[in-house]
């Protein structure tokens, strides 16, 4: 996370440069919303007929509160109408008014605001009309909700408290929590807007942290709303600071501390409502008895933003607990930043909050008010104890029993970060002693040895920062002037090591009083081995002293070695990894640039590795025959790079991913080109030779001759599978923590000739699972057709499966599909949106009945996310938990009727579509059968190429996350079909050539103009005129062969995709065995 790597003193600059929105975009969006509000007032919010009058408009959301982040933000435009005389009126007329407002909005946008684009996403909030304003460069956007509302407050003056009747009426309306929050937007906005600018900067910092946590792959829907963190930030500032100028690092530290204490939080304000009115007072008492955390909206007491029963605050708390070692929480001298002190704020070493209540200054204090008894701990309960802080300032989660290994399998998922801090990180005191001892040893050798060193490098886990408590390893590489080549090291090594040992034995006499130096049996010919032992701290370190040839020389940070270094190594005739000591510095630098939390994950993996070795000593392979622990370090870095790349992440997810890769050891192919690469011909041939060797292959990033993957992985794989079902991988709701999406080999590192094997091994779904899914879908479709709308004139005409699963291009793992339900109640395209909530409700009920009444070979789950406009379910393998298909259920108008396979639809279908549509591809679900048939009829090998392209595309989405929307994946499928058709239509083509052709077309996106006429053409005048219009639009153009309104090339970041495509063309996957680039087919970018 970029925030974590920012020094505490630089956070103000970080907020100003990285988080505050661009003024130009803010001003354009403000003008646009102002003009829209004026237009709605003029038109009364309706077109034609007698229109309700707009009483006032209020801008809310983060944009209205002044807490909008750069990039993407939200805004609420609340339209108060005179036709609403009560809260209840809003429900009755909302749909009608929203429909008319959309018409007004579309009419108003006929004259667009320069520099902005307006788009309508899928409408997922029943009480609002949602649209997005995007800058033309696609760097900034604002999600706007247009909300019609009851003007309960009237023209309230600033700072004036609403009448209690406002809230008693709200409570009597029978509303859900926060249902009418829009009515109080003005109060909510004013509550934040009076705050100092720096407090709003702190809010931006907290929100940025929250969004980074969301990017880790956690389900954003399960986390509390970000507005809850805005309120928590204000609470922290009020209780601990209340100054206009303060340290952002201290403020952030305080807010994260509160998040850790979420189970004790009870926060509310009485600036707008209070206990004076009996009805409101009784309601507040009930609210304050809710599960913690409780964070009441200061404008609407029915809205509990904390909602401890619903949101996963523990996920945020877990991340908060693990981030205090980062530079943003360290002062210039390395001292930790302290949090603010105050009532209701966490205290060092305490597990609770002293005073978790926030009151208005004019409100009676708890001591003087009988109304507040409900917020105190229940009778008989004791306040949280406050133990004396230990060395880390926190109580240990697992009692330390001398001589007993901690059972990792029983550590709860959310406690893994603390487990690492308390039990795996080495003692700072012992580390200091070792550093002191090493300095003394090096001084001794420098002053007394005959053979002089040019320089020294510290390696091993100690040098890399991955050393465990209770024992680590250090490599001291002594680069000697007498070695001028790799071959010089062998003949003189024994003599030099004997001299070094003699010097150490004679010179070491209690040089570090707390440490003893011991020489074990010497079993590594190229090194002098000894131990530094601290009896008092019960810790030791194994030290290896290695004289070596300085092959690399003094390199500045980030500089690649001269290719000649490695060409000399390859021609030296060395054994595998024989000269790895010469590259210790590169190895250390490769690891040291990694974030703190990744190193913590490495510690966890190594601790597990040690436990496996210790528990199975004498039962199976000896620990020496296991792969080296360093192989697990590299595998952990590989997992993080490919699956996460965030400074903060879920520790259990990372751990599970590494264990998953261990289980796939027979397919592991892992290497890096940070120090050596395929640009040098000799190195390219060497790497290609390495890639032809049996798996696992885990090449050292510093020494390409050293495959650290050698060893017996079977025992590790068995133990990894056994650990997968233990407590350390179970989330709070009892479900298994899901690993990151990481494969044991990378596309870019796969030779072109091995692409077919890559697809079959890693991309093709399991055939048994696909058969089970198809059988389950057939059962579900039949059930829905027979049982939906039994006592209704509505009939299910047919149910059609769409998406990649239906087309035969699904990828292994988690894929998406559509189940389109064609209904008789829709007689034209524009009716599809009618009765959607009612129809979805009926289909949901029947899906749940099907789930209960039918037997399935796969796990069938209907989504619990009860959005009245969206319905989804998933089918998951019972035996392979990473294999699943997520289905969206989509009601649709049967525009095509019973179409005979291979026949063309009537041109009238497309004439009606052209006259009906408002947004591109709006009714594409009606053409699902045609979309499916267009792909499913293609040769098997072309579908394999489509899988390869989709896999490449998904890797690109990880890289470009947060930088704008890439073109839709379906567009890449069509581009692949086009490349094959224009490239010769050979059913047994060269996979690398096909892939290379698609990449070439992506780089030529500015010229792309692709369409088909198998379903529609220009013979009908209306359709022909429309096609001409479509084809005259800016490139790229990729028209959906089933739906001519759908241009899959429009309004997306093709430039990002093109950049990745250009990079891929020089990778091994696009290069022949002789190092010559694969050539694309001769395909033009336009039809």
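From the backbone N, Cα and C atoms, a Cβ is placed for every residue, glycine too.
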Per Swiss-Prot, 947, 950, 969 bind ATP; matching candidate in 792, 804, 805: 804
Recorded Mg(2+) site member, picked from 754, 882, 888, that accompanies 816, 818 in Swiss-Prot: 888
Reported mean pLDDT - the region 'Interaction with dsRNA' (186-200): 94
Residue counts (helix, strand, coil, in that order) that DSSP gives for the region 'Interaction with dsRNA' (12-57): 29 helix, 4 strand, 13 coil
Euclidean distance between Cα atoms of residue 244 (site 'Interaction with dsRNA') and residue 155 (site 'Interaction with dsRNA'), Å: 30
Structural state census, the region 'Interaction with dsRNA' (186-200) (DSSP three-state): 12 helix, 0 strand, 3 coil
Cβ-Cβ neighbours of residue 244 (site 'Interaction with dsRNA') (radius 10 Å): 10
Cβ neighbour count within 10 Å of residue 155 (site 'Interaction with dsRNA'): 8
